[in-house]
Amino acid sequence: GIVEGLMTTVHAITATQKTVDGPSGKLWRDGRAAAQNIIPASTGAAKAVGKVIPELNGKLTGMAFRVPTPNVSVVDLTCRLEKPAKYDDIKKVVKQASEGSLKGILGYTEDQVVSCDFNSDTH
C-alpha cells in the first residue's frame with residue numbers, strides 16, 4: 001500500500017488564465033501570460049483523490065503546473081510504499097486496474113505518444 005505520496009499535476013491552459021501579463025486578484029504569478037509561461041499553482045486534486053479512493057485519504061499532497069498547451073493534462077504520482085516494489089510490477093498492477101476495476105477511468109499505454117494524441121481520450 002501507499003504510505004504517502006506527492007501528486008504533481010501538469011494542467012493545460014484554462015479559460016481563467018491571462019492571455020498577456022496583467023494584474024491578478026489572487027497571486028502575482030496568476031496574472032502572468034499563460035501561453036508564454038509554466039506557472040506553478042495550487043491544486044485540490046490530491047484531496048479529491050482521497051474522497052474518491054478512501055484508502056488514500058490524507059496520504060497525498062499536491063502541486064500543479066499550468067503549461068502552454070491547449071488541451072490534455074497529466075499527473076505524476078511519486079509514492080513511498082509500505083513494501084519495496086519493482087517498476088515492472090507497478091506497471092503490471094496499473095495496467096490490470098485499467099483493464100479491470102478502473103476500466104473507462106484509468107488509461108494505460110506504453111506507446112510513444114504526446115499530449116495531443118489524447119485529445120479525444122475519454123479517461
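For all residues, glycine too, the Cβ spot is worked out from N, Cα and C.
What Swiss-Prot records for T9 (among others) is phosphothreonine, and it gives similarity to another entry as the kind of evidence. In sequence order, T43, A45, G62, M63, A64, F65, S73, V74, V75, D76 are the residues near T9 (phosphothreonine), counting only same-chain partners six or more apart with C-beta under 8 A.
Other Cβ atoms within 10 Å of the Cβ of H11 (site 'Activates thiol group during catalysis'), summed over all protein chains shown, number 19. According to Swiss-Prot, the feature site 'Activates thiol group during catalysis' maps to H11.
All chains included, 10 other C-beta atoms sit within 10 angstroms of the C-beta of T14 (phosphothreonine). Sequence annotations record features per position, and here Swiss-Prot assigns phosphothreonine to T14 (among others) based on similarity to another entry.
Residue environment of G44 (D-glyceraldehyde 3-phosphate binding site) contains 11 other Cβ atoms, counted within 10 Å of its Cβ in all protein chains. Feature annotation from Swiss-Prot assigns D-glyceraldehyde 3-phosphate binding site to T14, T43, G44, R66; the stated evidence is similarity to another entry.
There are 8 other CB atoms within 10 A of the CB of T16 (phosphothreonine), with all protein chains counted. According to Swiss-Prot, the feature phosphothreonine maps to T16 (among others), an assignment based on similarity to another entry.
The annotation SUMO2 cross-link is assigned in Swiss-Prot to K18 on the grounds of similarity to another entry. When secondary structure is read from DSSP and collapsed to three states, K18 (SUMO2 cross-link) falls in the coil class.
Within 10 Å of the C-beta atom of K26 (N6-malonyllysine) sit 9 other C-beta atoms, taking all shown protein chains into account. Classification of K26 (N6-malonyllysine) by DSSP places it in coil, neither helical nor stranded. Sequence annotations record features per position, and here Swiss-Prot assigns N6-malonyllysine to K26 (among others).
The N6,N6-dimethyllysine feature in Swiss-Prot is assigned to K26 (among others).
Counted within 10 Å of its Cβ, the other Cβ atoms near T43 (D-glyceraldehyde 3-phosphate binding site) come to 18, all protein chains included. Taken from Swiss-Prot, the feature phosphothreonine applies to T43 (among others), supported by similarity to another entry.
According to its DSSP assignment, K51 (N6-acetyllysine) is helical. Note on K51 (N6-acetyllysine): other Cβ atoms within 10 Å of its Cβ, all shown chains, come to 10. What Swiss-Prot records for K51 (among others) is N6-acetyllysine.
Look at Swiss-Prot and you will find N57 tagged as deamidated asparagine. In sequence order, G50, K51 make up the list of same-chain residues 6 or more apart from N57 (deamidated asparagine) whose Cβ falls under 8 Å from its Cβ.
Residues or ranges marked as N6,N6-dimethyllysine in Swiss-Prot (evidence: similarity to another entry): K59 (among others). According to its DSSP assignment, K59 (N6,N6-dimethyllysine) is coil. Sequence-distant contacts of K59 (N6,N6-dimethyllysine), defined as residues of its own chain at least six apart whose C-beta falls under 8 angstroms from its C-beta, comprise I2, V3, E4, G5, G50.
When Cβ atoms from all protein chains are considered, those within 10 Å of S73 (phosphoserine) total 17, not counting its own. The phosphoserine annotation in Swiss-Prot covers S73 and is backed by similarity to another entry.
Taken from Swiss-Prot, the feature motif '[IL]-x-C-x-x-[DE] motif' applies to 77-82. Per-class residue totals from DSSP over the motif '[IL]-x-C-x-x-[DE] motif' (77-82), listed helix then strand then coil: 0 helix, 5 strand, 1 coil.
When Cβ atoms from all protein chains are considered, those within 10 Å of C79 (S-nitrosocysteine) total 17, not counting its own. Swiss-Prot lists C79 with the feature S-nitrosocysteine.
Summarising the environment of K95 (N6,N6-dimethyllysine), the number of other Cβ atoms within 10 Å of its Cβ, over all protein chains shown, is 14. Swiss-Prot lists K95 (among others) with the feature N6,N6-dimethyllysine, giving similarity to another entry as the kind of evidence.
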Listed recorded positions (K18, R66), ranked by Cβ neighbours within 10 Å, top entry: R66
Residue pair H11 (site 'Activates thiol group during catalysis'), R66 (D-glyceraldehyde 3-phosphate binding site) - Cα distance, angstrom, rounded: 5
Max pairwise CA distance, angstrom, over record-listed D-glyceraldehyde 3-phosphate binders T14, T43, G44, R66: 16
Listed in sequence order, residues not in T14, T43, G44, R66 with Cβ within 8 Å of the centre of the D-glyceraldehyde 3-phosphate site Cβ atoms: T9, H11, A41, S42, A45, A64
Structural state of K95 (N6,N6-dimethyllysine), classified by DSSP into three states: helix
